[in-house]
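J.: First, the structure itself, so that you have it in front of you.
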Amino acid sequence: MADSHKINFDPVDIEMEVREDENILDAAFRQGIHLMHGCREGRCSACKSYVLDGEIQMESYSTFACNDAEVDEGYVLLCRSHAFSDCTIELLNFDEDELLGGIPIQDVRTQVQAVEPKTRDIVSLRLKPIEPGKFDFKPGQYADLHIPGTDEHRSFSMATTQSRSDEVEFLIKKYPGGKFSALLDGHIQVGDEIALTGPYGSFTLKDGHVLPVVCIGGGAGMAPILSLLRHMNETENSRPARFYYGARTPADLFYLDEILELGKGIKDFRFIACLSESADGEVPGRVTVEEGMVTDVVARHETAIAKTEVYLCGPPPMVDAALMFLDANCVPKDQVFYDSFTSPIFDQ
């Protein structure tokens, strides 16, 4: 059995044990400690922390998430870090309410209820929890779906909320040769069973926050944002909200009627579909459509974006462009929450 070591987290005064054969983030999940995280693959930097004392070694990771100079200074990514002595680690990014009060990670057996195309490459997958009969999560989080017959998984965000405890919806982008998404072309059938593990992620509305919410999404990034909007509608949240969804053409838009209906229950809601290639074609309902990249459309409308909380979710080029725009407009980093589909576990 692997040796264990103690980890002390500063400045929150939390102690836990970690085995040498598990990374620190997984050890925290196992013990009910919910550290800030994103991709869990060493690519997004959400779990970046600073080693004050002790010996830590990292598995492979992206230098975009933690560059060589930072590593030399003592910065690590907890999702890739293994401890080989007792350690003291300074958390750079944490939510004190979440640390010991997050939803426990669950292993759930589910049954496929529906596989429904939404666009040419986005599919709605609806699963019913059967053992246990309920899956707890917060709006905006994601889960691992295990690929049938393998030890592999892919991660997808939930589009639903806890009000639909009998069903969990995922919006999945199909990729040629994708190990999970390719199964949605007739291989996964209604009645099949799929194992699910989660929830993960910090892409959630923060209790007690009052700033207006600006959501910027693209592709399957619709899922967690739709979950947030459904939650805001159900709870009669009083925060103003705007949603900018980037797509190429009208044929790439979906769930428009529901978004408009949700907006009726959200204070000062606005939805704009941003089309980068062509606005020619019919767009149902009273949807506002503007041509251009989603960041350009946001720039035209959000002249005081530094006084908002921004939620980003979509393909890496869109998220990277949005982060550059937000940085140029002096939006504080603690007011920006994002999921960027940077890892194979997200995008196939």
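Residue 1 is the first one shown; counting continues down the chain.
Note: Cβ is positioned from N, Cα and C throughout, glycine not excepted.
I grabbed these lines from Swiss-Prot:
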BINDING   Cys39, Cys44, Cys47, Cys79  [2Fe-2S] cluster binding site
DOMAIN    5-95  domain '2Fe-2S ferredoxin-type'
DOMAIN    105-206  domain 'FAD-binding FR-type'
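Describe the structural context of these features.
T.: Its Cβ placed at the centre, Cys79 ([2Fe-2S] cluster binding site) has 26 other Cβ atoms within 10 Å.
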J.: Near the Cβ of Cys44 ([2Fe-2S] cluster binding site), how many other Cβ atoms are there if near means within 10 Å?
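T.: Excluding its own Cβ, the number within 10 Å is 23.
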J.: Which whole-number mean pLDDT does the model give the domain '2Fe-2S ferredoxin-type' (5-95)?
T.: 95
J.: Going by DSSP, is Cys39 ([2Fe-2S] cluster binding site) part of a helix, a strand, or coil?
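T.: Looking at the DSSP assignment, Cys39 ([2Fe-2S] cluster binding site) belongs to neither helix nor strand, so coil.
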J.: Using an 8 Å cut-off from the Cβ centroid of Cys39, Cys44, Cys47, Cys79, can you name the remaining same-chain residues around the [2Fe-2S] cluster site, in sequence order?
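T.: Close Cβ neighbours, site residues excluded: Leu25, His37, Gly38, Arg40, Glu41, Gly42, Arg43, Ser45, Ala46, Ala65, Leu77, Leu78.
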J.: For the domain 'FAD-binding FR-type' (105-206), jot down how many residues DSSP puts in helix, in strand and in coil.
T.: 4 helix, 47 strand, 51 coil
J.: Sequence gap of 6 or more, Cβ distance under 8 Å: name the residues on the same chain that satisfy this around Cys47 ([2Fe-2S] cluster binding site), in order along the sequence.
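T.: Spatial neighbours, sequence-distant, of Cys47 ([2Fe-2S] cluster binding site): Leu25, Leu35, Met36, His37, Gly38, Leu77, Leu78, Cys79, Asn93.
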